[in-house]
Amino acid sequence: LSKQKAQRYEAVKWVLVFAIGVCTGLVGLFVDFFVRLFTQLKFQVVQSSVEECTEKGCLALSLLELLGFNLTFVFLASLLVLIQPVAAGSGIPEIKCYLNGVKVPGVVRLRTVVCKATGVLFSVAGGLFVGKEGPMIHSGAVVGAGLPQFQSISLRKIQFNFPYFRSDRDKRDFVSAGAAAGVAAAFGAPIGGTLFSLEEGSSFWNQGLTWKVLFCSMAATFTLNFFRSGIQFGSWGSFQLPGLLNFGEFKCSESDKKCHLWTAVDLGFFILMGIVGGLLGATFNCLNKRLAKYRMRNVHPKPKLVRVLESLLVSLTTTVTVFVASMVLGECRQISSSRHSGNGTLSLQDISEDVNSSIQTFFCPNETYNDMATLFFNPQESAILQLFHQDGTFSPVTLSLFFLLYFLLSCWTYGISVPSGLFVPSLLCGAAFGRLVANLLKSYIGLDHIYSGTFALIGAAAFLGGVVRMTISLTVILIESTNEITYGLPIMITLMVAKWTGDFFNKGIYDIHVNLRGVPLLEWETGVEMDKLQASDIMEPNLTYVYPHTRIQSLVSILRTTVHHAFPVVTENRGNEREFMKGNQLISNNIKFKKSSILTRAGEQRKRSQSMKSYPSSELRNMCDEHIATEEPPEKEDLLQQMLERRYTPYPNLYPDQSPSEEWTMEERFRPLTFHGLILRSQLVTLLDRGVCYSESQSSASQPRLSHAEMSEDYPRYPDIHDLDLTLLNPRMIVDVTPYMNPSPFTVSPNTHVSQVFNLFRTMGLRHLPVVNAVGEVVGIITRHNLTHEFLQARLRQHYQTI
């Protein structure tokens, strides 16, 4: 039976992964279709009015029309973000945190994906300098999290009884598949998507997942491709348009024999461009970080309307800049005629027609076009194609101005409260920079053999690499988008150089935003110097623990007075006590870990007893006032029964009536705690919620048993202890937690090196790591917080001070 069950489980997984891919592709299709629709509508109206007004001299009206469209769209996008604040920005930092093991509230909810997809459609159509590619990754991740659950908080009425995948680990696997599918749909790059998920996201990865994620990405790419080719060209079943962003085909015209896409000499220029791209990226990140800090201080605390106003201000500035720049700063350039004679392949013709059809001729005589308007008055994707494939030249002045305006405005835009991606603006900025370099090399140094398109592509890679600092996945994404494997080497070298140059100054933009939010991300590994620290240096010694058999009143007070997510299950070790008094070496070594924790344990107990007074029951007396006489139990009774006899007193008495007093020595105060396992908060709450307990007069065998399915029924949102109605439960009843605890969690010894602790924690995807000494006593616990870079740095400084 179990083998069949496992096969069925695996089959369901594959079906779901396919479904996630298809749905992500459809989300991409939805966004793309409406962005195209709105942008075409907007540009048709505005262009016709500009052409009319050029003669009549009423250009202010055209500007007002454009403003009307843009401000309306941006306003709608901002409103959607007010409904679900997590939908702002690109969503890649949030997904990065989620895959790393940090739960950002609301990040994978249905509401988020609806607001994100609709919002990004409005913010792109509203002419802001944002892309729709970053939000695609977030949307894919939400689809991945939601589909396998078959339920949503926003649609509570719909309930399927779907028993699979009720754990964080499964959910995280599906989220990484969804994020990969998002990349694949955005760039038509299934392999790039898989690598993105591996590089940026997951803190733990297994072999079987790679294959499923790739399958998911393929499903997404080809779903999008199938529908887009059908809708745009009417040829259903021919796959012509891979991703939302397509770079077209790079190839030399057949008439020009000297032309090569790139030569070995160009590699030198590419490396220099990589360095400049890294510097520009670092500048971009630095400015954006300052802006983000300013926003956190001055915009976010104010009423929400202020955020909408900020978005509208950015939209206003962008629109006016674009309009004025196109009218005033553009130059008239000759339309190259070589385009029309080339009898290239079908796709080349498509692309060249696309490139030539998107030329804008504002204010220019026949057979010429306005180069600035061609870049600004087009959707960003067509502007990128212009820079990659337009034979006609763009003047260096136009390119420098365009680069500068785009750089500053996209930096200002990233971080306002609309859904916004960063990929396309960075590519466009970088492409302008690359094209500028090619122009300068051609006209001032006289290198005729260079192919401008290649330089534009390398410039785009250099700038994007300098901003986001991704290496392997970005290389593959760009190679897949260009469909040109010969570009592998130059793209890789450029990205590597850009990353190293940028890392010299600051982190990538996504990491900066993660840090600003104060999320405890775990890096790939710790620094070498951290090995001076041991587990005992970084662990949390003040434990909140539960006994294997605990009264309901104790459990409730523990849950109400702490926020921990897991509790060690311990018994107090009587046997070790006598040894302890003799000063057994092993245990007295252990005292130094414990000293600080002893006083706090008494404090914890006091705090608990105060919280008990709010417990709704007449039977409850203050547990510190109670003395339960402990009689020597017969030998045959098990240890747990003994435990129950000394249930309350924090440190069980050597004599029945003696409570822990100030005169006790350190040794007497301290009782060793034998470690038996870990129990999660969600499990304890579920047990209380279902009333799983037994009374003192019965044996623990009479306690009702819950199956695994019943325990995980409420996943992912377990009830909160403060919301439970516990009036029906008798606080004197006892809960036996042993059947539900994890009896063999990963543990480390107090003198394990930090790097080992870190690797175990990260590769196993842990949340809690108990520190257990040589005689099986728990001396501390390590959580995510104890392994963050900042915490380790602080402990290292302490360590140096104490030496």
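Numbers run from 1 along the shown chain.
Even glycines carry a Cβ here, placed using N, Cα and C.
What you are looking at is a predicted structure, and each value in this text was computed from that prediction instead of being measured.
According to TrEMBL, the features are:
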type: TRANSMEM; residues: 12-39; note: transmembrane segment
type: TRANSMEM; residues: 59-83; note: transmembrane segment
type: TRANSMEM; residues: 174-197; note: transmembrane segment
type: TRANSMEM; residues: 261-285; note: transmembrane segment
type: TRANSMEM; residues: 305-329; note: transmembrane segment
type: TRANSMEM; residues: 397-416; note: transmembrane segment
type: TRANSMEM; residues: 453-479; note: transmembrane segment
type: DOMAIN; residues: 741-802; note: domain 'CBS'
Task: Range from 12-39, 174-197, 261-285, 305-329, 397-416 with the greatest count of C-beta pairs under 8 A to the transmembrane segment (453-479) - done: 261-285
TODO: Rank 12-39, 305-329, 397-416 by Cβ pairs under 8 Å to the transmembrane segment (261-285) and hand me the top one.
DONE: 397-416
Open item on the list: At a C-beta cut-off of under 8 Å, are there same-chain residues at least 6 beyond the transmembrane segment (305-329) that contact it? List them, or none.
Closed with: 59, 62-63, 66-67, 70-71, 74-75, 77-79, 81-82, 126-129, 295, 299, 360, 362-363, 370, 372-373, 376-377, 398, 401-402, 405, 409, 412-413, 416-418
- [ ] Provide the three-state DSSP residue tally for the domain 'CBS' (741-802): helix first, then strand, then coil.
- [x] 28 helix, 15 strand, 19 coil
Task: Arithmetic mean of per-residue pLDDT over the domain 'CBS' (741-802) - done: 86
TODO: Sort out the residues at least 6 away from either end of the transmembrane segment (12-39), same chain, that have Cβ-Cβ distances under 8 Å to it, and list them.
DONE: 73, 113, 117, 120-122, 124-125, 132, 135-136, 139-140, 143-144, 147-148, 164-165, 174, 177-178, 181-182, 184-186, 212-213, 215-224, 227-228, 231, 244, 379
